[in-house]
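> Look at TrEMBL and you will find 26-33, 148-151, 185-188 tagged as ATP binding site. The feature active site, proton donor is assigned by TrEMBL to H33. According to TrEMBL, the beta-alanine binding site annotation covers Q57. The (R)-pantoate binding site annotation in TrEMBL covers Q57, Q154.
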Amino acid sequence: MQTVHTIAELRHALRHAERPAFVPTMGNLHAGHLALVAQARPLGDATVASIFVNRLQFLPHEDFDSYPRTFTADQAKLAAAGCDVLFAPREADLYPEPQTFKVQPDPALADLLEGEFRPGFFTGVATVVMKLFMAVFAGKPQGVAVFGKKDYQQLMVIRGLVRQLALPIDIAGHDTERAADGLALSSRNGYLSEAERAEALQLPLALRVLARDALAAAHALPERLPALEAAAMQQLAARGWQPDYLTVRRRADLLPPQRGDGQGALVALGAARLGGTRLIDNLEI
Ligand code: PAF
């Protein structure tokens, strides 16, 4: 595996590739990231991963400075996973000047849920993903990029970006990888104490209960859902969590379900803080 830092080096490394397969990451790689690489490999003729902790997608009080940076271990994991090129730009390589031109995703999608609790988050994500896409794919007839479904709304934002800007990139989603007990794999799980790690399972459990109750109330979902969501949030709060949202939305646009929206069209999504760690998860219904 070749490791490169600048966009010029990356383009040189990919000069013979006609269909790069790309996995963007912020590093601190776990089995979920490596599953994205495994999915990407047969989809293209060169597999590229990036590691870049993107300052633009963190709010000032968030964990940009403390976000785990484990470059040497990540590099070894990517090489063992069969990645061909690791693009690891320094901040000055990707943002040589203040990034005043930004990619603004549709507020109808980007201001909901994660966007409500992390204002500007999806602008930061869309901007860096656009820059990474240009670095990897410029001049290529077609490419493919793989994103995890744990960041469900992020995947929708990226799909919208590619569709509306007519980028020649296929976007593939990968089902959330989970620990044996069901907790979604996340770099931020590393922040949890042993007791918090055991408690963290309550988030996917709460989503499962909410999904079950929503299906049971499918005949009158728009009327019944607010009480079900409030109960799910209260149950987590009673265990010491600070929930931002636990909700059931339509998969198509992440808006609240309308009459007739039922199984196959819905997704339960949650975000909640446990101690100092904010966890997110979702479950397609
Ligand atoms: O999902 C992530 O790790 C990040 O949001 C991404 C897509 C690499 C952009 O920084």
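Glycine residues also receive a Cβ, built from the backbone N, Cα and C atoms like all the rest.
Whatever TrEMBL says is automated annotation, not expert-curated.
It should be emphasised that the depicted structure is a prediction, and the values quoted were computed from it without experimental measurement.
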> Could you tell me which of these recorded positions, H30, H33, K150, has the fewest other Cβ atoms within 10 Å of its Cβ?
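Comparing Cβ neighbours within 10 Å for the recorded positions H30, H33, K150, H30 has the fewest.
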> What same-chain residues, at least 6 away in sequence, bring their CB to under 8 Å of the CB of the residue listed as 'beta-alanine binding site'?
G120, F121, F122, G124, V125, V128
> Tally every other Cβ atom lying within 10 Å of the Cβ atom of S187 (ATP binding site).
18
> Taking only the binding-site residues M26, N28, H30, G32, L185, which have a CB closer than 6 angstroms to any atom that belongs to ligand 1?
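Result: M26.
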> For M26 (ATP binding site), just give me the three-state DSSP call.
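DSSP call for M26 (ATP binding site): coil, neither helix nor strand.
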> Quick one: pull the CA-CA distance for G148 (ATP binding site) versus H33 (active site, proton donor), whole Å only.
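Just about 8 Å between their Cα atoms.
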> Are there residues of the same chain, six or more positions away from L185 (ATP binding site), whose CB falls under 8 angstroms from its CB, and which are they?
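Residues satisfying the criterion: H30, A31, G32, K150, T176, E177, R178, A179.
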> Measuring Cα to Cα, tell me the gap between Q154 ((R)-pantoate binding site) and M26 (ATP binding site) in whole angstrom.
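Cα-Cα, rounded: 14 Å.
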> Sort G148 (ATP binding site) into helix, strand or coil using the DSSP assignment.
strand
> Using a 10 Å cut-off, grab the number of neighbouring Cβ atoms around the Cβ of N28 (ATP binding site), all chains included.
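For N28 (ATP binding site), the 10 Å Cβ neighbour count is 19.
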> Whole-number Å only: compute the distance from the Cα of H33 (active site, proton donor) to the Cα of M26 (ATP binding site).
10
> Same chain only, sequence gap of 6 or more: which residues have a CB within under 8 Å of the CB of M26 (ATP binding site)?
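Expected: I51, F52, V53, N54, Y67, S187.
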